[in-house]
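As recorded in Swiss-Prot, the features of this protein are as follows:
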type: TRANSMEM; residues: 6-26; note: transmembrane segment
type: DOMAIN; residues: 35-127; note: domain '2Fe-2S ferredoxin-type'
type: BINDING; residues: C70, C76, C79, C111; note: [2Fe-2S] cluster binding site
type: DOMAIN; residues: 130-269; note: domain 'FAD-binding FR-type'
type: REGION; residues: 272-389; note: region 'Catalytic'
Amino acid sequence: MIGFEIFLAIGMFTAIVLGLVAIILVARAKLVSSGDVTIQINGEHSLTVPAGGKLLQTLAANNVFLSSACGGGGTCAQCKCVVVEGGGEMLPTEESHFTRRQAKEGWRLSCQTPVKQDMQIRVPEEVFGVKKWECTVESNPNVATFIKELTLRLPDGESVDFRAGGYVQLECPPHVVEYKDFDIQPEYRGDWDKFNMWRYVSKVDETVIRAYSMANYPEEKGVVKFNIRIASPPPGSDLPPGQMSSWVFNLKPGDKVTVYGPFGEFFAKDTEAEMVFIGGGAGMAPMRSHIFDQLRRLKSNRKISFWYGARSLREAFYTEEYDQLQAENPNFQWHLALSDPQPEDNWTGLTGFIHNVLFENYLKDHPAPEDCEFYMCGPPMMNAAVIKMLTDLGVERENILLDDFGG
């Protein structure tokens with residue numbers, strides 16, 4: 001009798017386990033996609049892909065690269081596309097990035113959209129011109145205390161077909177980087193010592209992707225050049241240092257860097273209007289690209305001025321290049337303003353924050369600032385101050401173009 005009860009108990013237990021397994025398998029079949037699905041793109045291109053991933057990564061695996069400065073985290077909202085069919089309902093993580101009208105039209109963040117069934121999507125046509133390269137670090141010196149000029153050499157015979165003001169994405173692998181190993185030139189080490197920057201360590205467990213504007217212009221072939229500022233934690237905080245910028249600061253000539261691009265929307269308008277460029281910090285990069293493109297490649301006759309703000313002369317770079325451009329082009333003037341000139345600078349030029357300098361020394365007496373086009377890139381506080389000043393002068397928002405790298 002006891003043996004029968006044991007046998008019965010074992011049988012019932014086995015039946016329960018098999019039943020649970022069956023339920024799990026049925027649920028998995030319902031909830032987890034498997035097999036292949038088809039993605040129709042713009043009604044012209046078709047991909048057959050495995051189901052189960054996110055749309056952004058699935059497209060990238062098939063050499064269709066949407067911009068994603070946050071690397072698929074759902075925060076930058078650059079990987080937008082229109083999902084005509086498939087993809088399921090919009091997720092809560094996407095809702096804040098779209099208006100109700102856009103949501104009805106099918107706009108989605110591709111990094112949040114699951115690939116579970118056949119889909120039809122629309123993406124910008126320029127996406128099909130985006131490529132991927134493994135580049136080699138040519139040089140990576142400091143050009144300011146906390147800014148590196150990273151120059152990457154493309155593979156032989158390759159070029160980036162981009163417009164001035166465009167950007168690419170850099171990919172950095174998992175790493176452990178110690179700031180004490182950085183190669184910082186002697187003239188910039190004082191502030192690194194003062195703020196004890198050497199104590200930081202960057203530890204990254206997953207691949208990180210970030211977007212950076214290019215400092216070169218289209219006729220500077222074979223390379224891509226960037227101005228990248230180290231993203232150190234605010235004083236007194238326990239926040240980790242910037243993942244990508246820490247890795248970039250540790251790069252040495254000969255190191256390999258994966259690059260995707262080009263992308264962009266911070267492009268010059270094709271008009272004859274006066275162009276006023278305003279920059280600060282690492283916002284120099286797209287300013288240089290635009291100004292060199294206008295004067296060196298396009299031979300533009302438009303009236304162009306550039307207003308750049310730096311803390312001291314040590315933080316100003318490319319000054320000789322702009323001096324040369326100004327000497328060669330009567331339609332171009334550039335102005336450097338220092339907010340905190342040091343005694344050794346012996347500075348007799350413009351001083352103050354760049355939005356005040358621009359207003360007091362130019363726009364205050366300009367006959368029609370509302371007819372100018374303003375292109376800017378710099379720290380968020382600078383951008384906000386300049387935009388307020390311009391709108392107070394009656395400049396329409398469509399004539400204020402911003403490369404908002406600072407969030």
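One is the number of the first residue shown, and numbering goes on along the chain from there.
Heads up, the Cβ atoms here are built off N, Cα and C, so glycines get one too.
Features per Swiss-Prot, on structure.
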residue	record	Cβ within 10 Å
C70	[2Fe-2S] cluster binding site	16
C76	[2Fe-2S] cluster binding site	19
C79	[2Fe-2S] cluster binding site	26
C111	[2Fe-2S] cluster binding site	24
Would you mind splitting the domain '2Fe-2S ferredoxin-type' (35-127) into helix, strand and coil residue counts from DSSP?
20 helix, 27 strand, 46 coil
What average pLDDT does the predicted model assign to the domain 'FAD-binding FR-type' (130-269)?
95
Secondary structure content of the domain 'FAD-binding FR-type' (130-269), with strand meaning DSSP E or B:
22 helix, 54 strand, 64 coil
Please work out the helix, strand and coil residue numbers for the region 'Catalytic' (272-389) from the DSSP assignment.
57 helix, 27 strand, 34 coil
